[in-house]
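One structure is given here, and the rest of the page talks about it.
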């Protein structure tokens, strides 16, 4: 009411001074005040005086200039009643004759707000006395608060529930709210999460041809808003998942992409290739940060570890067909690799001709890493709290290649699947790796391979092979697929087979546990089918066919699923990337079905170190101006499609020779924000410390006399390993580790005859199991071999 319009500006200024106090009458008994143009100007005038008096001169000058340009100053009326326009300076001059108490100053606006707060407190009592005045950040103490704000109708809030208590769940919440609350760390009961029926609502959102060769790699970034694909056309591409548009193409590899990974901070992308190099790219601008050339054969696996050293140091691990494993350390904040050539640990592990490293897995905190080889060996490594990488154990686990490894969601155990037809669970107890074997019965083996000598020969093409194995979400079940195209479910406690299911008509090489429902597992196969399985009831919940032109089904080569389980992406042998999700995505239906950049397949020049530039321009690929979007026949799309290309979406027509790189001012994909990164870092630190503690406890525990060991960790030398004191630098740590490895190598000479005996007995045991001989041996027993004298139970550390 007190701001009600008056006949002229001077009267308003006088009435708004502190001499004229506002009315305290209730709104119910008076008409609401009218906020007109003059009131708006007076408010601007008060703000300008506040800025000028508060040493915000430039902001005040900008406001005065804006007031003049918009002609917001009220007109001056002369004694004849004629209106005359005036500037803001003239308006201030007209007030000079008024007493100082009637003029607005720098303190007037704060005094008015303080007075309004007092009046508001008299009408709507504050929840707590002497609260600090807030305008917007606290709705319970703000000026515009009402009784409804202080006493709202209580709807349970899943995210802001009282600490230590589960939120009320009587009111229905949307699936989005439930999943968001769960991701933010709230304890949402599993019964309230989207049920199994939501899986039936998943449909294909997009399917785009983006590569001219087989696509073997697909991954979501950490925000899960972008897709990253790697293919046999030597390219790594980034896609916007919702808009279904190509964002960027990483160029630099000279051969097929074998594997890729995204760092947990969402700032790095690492890709391993058959060109024997590992490239580390910056996700935000496409820059090549590192080119590692420490392999002598194709790279098979690339993994970022969650383990943290000194709060900011992380690890990247690679392994390849040369049987070499490399650990690279980098700073998560600066993205620098401090070691020489970035290499923190390098180990050549080939002790048999043709041995290759095929699979890799790590514990939840990244403290322990296991690598599977083509000759049935599993190699175990550990990162100490000081950042020292050491080898723990070589386990002769299988009679054939180990190409499936997966760590359990909880605890110190992992599974291994092999082409010898068996799956084993390995658990670290009493300082030993104990195994439990899950294998098909003799009757099943005969039904698959026949009663011929095929079952007696482990190298037979007709013998049963495990294609892939994985845990379910709560680790109570293990799911396997095999060469007979069947889907089997095993009990992890007893090792018994619970279900044998049919659905695929070709081998399924990818399995993923559903991140929400413990009884659901996702599988994809070379028959072109993706399916969600209920491992408890033993049935298919939903399936999708990856059909292409003429109803042909394209083989699926990789799959990835989001953390909420509502979306998954697949890639196939035709060069397509497809995204499936809940409901429909209308935006994705309006984009072209073939998307390539005009620069994708342009030649590049590369120096001896592996750094690449565009051959036509001599510029690094990530600094090129925005390319044109084309189809596979090299035809450019129209202007309405080109505006979707980053850098061409400014809304302003720019000549081609004046376009500049879009990634100088924007990000291809955003990094994790500070809160999300801290939350993830804290979780990794907790998991890492818990694993280190559990490992130390199990190493010191004594086994009860009633139980028998299966696989024990044996030191690489009978002498105590002499460890250097904690180094002052990482380079010193590497030097100390290398010196210790050389000392162990001089002490331990390789006994090849022993390892040959191990492999021969393993194959013999496998053959005996196939023909039913020695069936009385328990699945939990390993091979009983007499270890020769000396330190020959471990392979020596190779000197590089």
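Quick reminder: no glycine exception, Cβ is built from N, Cα and C everywhere.
In TrEMBL, annotation is done automatically, which means it is predicted and not curated.
Per TrEMBL, the features are:
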COMPBIAS  1-27  compositional bias 'Polar residues'
REGION    1-36  region 'Disordered'
DOMAIN    34-100  domain 'BRWD/PHIP N-terminal'
REPEAT    208-239  repeat 'WD'
REPEAT    250-291  repeat 'WD'
REPEAT    395-429  repeat 'WD'
REPEAT    459-500  repeat 'WD'
REPEAT    501-543  repeat 'WD'
REGION    772-800  region 'Disordered'
COMPBIAS  783-800  compositional bias 'Acidic residues'
- Tell me the residue counts in helix, strand and coil for the repeat 'WD' (208-239), as DSSP assigns them. 0 helix, 18 strand, 14 coil
- Note on the structure: The correct DSSP tally for the repeat 'WD' (250-291) reads 0 helix, 22 strand, 20 coil
- Task: Summarise the model's confidence over the repeat 'WD' (250-291) as a mean pLDDT value.
- Result: 96
- Do any residues of this chain, six or more beyond the ends of the repeat 'WD' (250-291), have a C-beta under 8 angstroms from a C-beta of it, and if so which? 213, 216-217, 219-223, 228, 230-232, 234-238, 297-304, 306, 314, 316, 318, 320, 326, 328, 330, 332, 335, 337, 342, 599-600, 602, 604, 606, 609-612, 620-622, 663-664, 667-672, 677, 680, 684
